[in-house]
Amino acid sequence: MKIFGTDGVRGKAGVKLTPMFVMRLGIAAGLYFKKHSQTNKILIGKDTRKSGYMVENALVSALTSIGYNVIQIGPMPTPAIAFLTEDMRCDAGIMISASHNPFEDNGIKFFNSYGYKLKEEEEKAIEEIFHDEELLHSSYKVGESVGSAKRIDDVIGRYIAHLKHSFPKHLNLQSLRIVLDTANGAAYKVAPVVFSELGADVLVINDEPNGCNINDQCGALHPNQLSQEVKKYRADLGFAFDGDADRLVVVDNLGNIVHGDKLLGVLGVYQKSKNALSSQAVVATNMSNLALKEYLKSQDLELKHCAIGDKFVSECMQLNKANFGGEQSGHIIFSDYAKTGDGLVCALQVSALVLESKQVSSVALNPFELYPQSLVNLNVQKKPPLESLKGYSALLKELDKLEIRHLIRYSGTENKLRILLEAKDEKLLESKMQELKEFFEGHLC
């Protein structure tokens, strides 16, 4: 049975993520990390979901039962867990979050001692232990060998200092008015402090989590409220984070949502202008717009493609010795400062770019025009191999013949089929998307 999806383990709390399942997974992961243990410490953080308490307690019970000492730091962004795991010399870090999903869902993400998400082969090794009944039941410790757990509430200061260190020292934010939407999620404490301490005039919305309102019509998936507040407040920039703050959506001074590929392009060129790129490559996923590749090429930068998911972006960056890359969804990695997507690091870099450009953000963040793209997320009841669907191959051949770029895949975290089409003719794009929707609705819904 496969446990891991494209971003850790995710599911409905109390259905897939039951206390027994979480404890078993915690023991399996702990036994895997113990093979290379240096400090016998594991760090645990979470977002603001109500079910986070249940999942956290199950993980603590599991890990201490096999002798691990656990450090609990409460609600913190996912990238903070990645940073603090390495900074505090832990064997591993665990983030309890379902990211942008509704509050009923939850998830578990694992980081190695260097703050990187686990590779697929590492996840498979944990799955093998998960299914090894004899090994699991022979691993409990007794007496003084049982692990301990302690809660530390002041590590937020380390992460705030780290974020401020990522911002250019010769700049401050005193000339910028910024609206922050923290999605009632993990960034609700950190984000306002960072931007205020750097001098910005800050308005914060959706910063009152109650355990059930994370991502609820707010944050990176629902930036319309942020757009309205930016216009109302006459702000220079707006930043929306998702529930665990590893994703960023940017709104310019006119209230326009800045496309993720435009962000990747302009930030890549900005990093190059500061001689901050470790190579002449920028990494993006297969979903990236062709216009991004053309723009980067015009700036003497090469675009490297990878599979969808920020951990695959990170792996491709390491492979190509690149220190910048991301997804158009807003997971953007500056690996000099973060091993995974960090919405706050990215927001600070966008702010620095706008300041140094001496332009309003609607100009500074609009460096090129995109080719028409259409993305549809289709709810599905089943997930058979797409190649097994009668007529699927013929559809793809027709798209290729019409020079329509296509990427069709199942979501790794939800019961959805994602359909992405890109073409120079927008009307043709719309008609073919409708045709594809009808085809898949007939086969999968």
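Don't overthink the numbers, they just go from 1 along the chain as shown.
Cβ atoms are placed via backbone N, Cα and C, with glycine included.
Since the structure is predicted, the reported quantities are computational estimates derived from the model, not experimental observations.
What Swiss-Prot says about this one:
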- SER99: active site, phosphoserine intermediate (ACT_SITE)
- SER99: phosphoserine (MOD_RES)
- SER99, ASP242, ASP244, ASP246: Mg(2+) binding site (BINDING)
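Take the mean position of the Cβ atoms of SER99, ASP242, ASP244, ASP246, the recorded Mg(2+) site; other residues of that chain with a Cβ within 8 Å of it are ASP47, PRO77, THR78, SER97, HIS100, GLY185, ALA186, ALA220, PHE241, GLY243, ALA245, ARG247, GLY341, GLY343.
Rounded to the nearest whole angstrom, the C-alpha distance between ASP244 (Mg(2+) binding site) and the residue listed as 'active site, phosphoserine intermediate' is 5. Cβ neighbour count for the residue listed as 'active site, phosphoserine intermediate' (all protein chains, 10 Å cutoff from its Cβ): 28. A gap of 8 Å separates the Cα atoms of ASP246 (Mg(2+) binding site) and SER99 (active site, phosphoserine intermediate). Counting only same-chain residues at least 6 apart in sequence, those with a Cβ under 8 Å from the Cβ of ASP242 (Mg(2+) binding site) are SER99, HIS100, ALA183, GLY185, ASN215, GLY219, ALA220, LEU221, GLY330, GLY343. Within 10 Å of the Cβ of ASP244 (Mg(2+) binding site) there are 35 other Cβ atoms, across all protein chains.
DSSP assigns ASP242 (Mg(2+) binding site) to coil, not to a helix or a strand. Of all Cβ atoms in the shown protein chains, 34 besides its own fall within 10 Å of the Cβ of ASP246 (Mg(2+) binding site).
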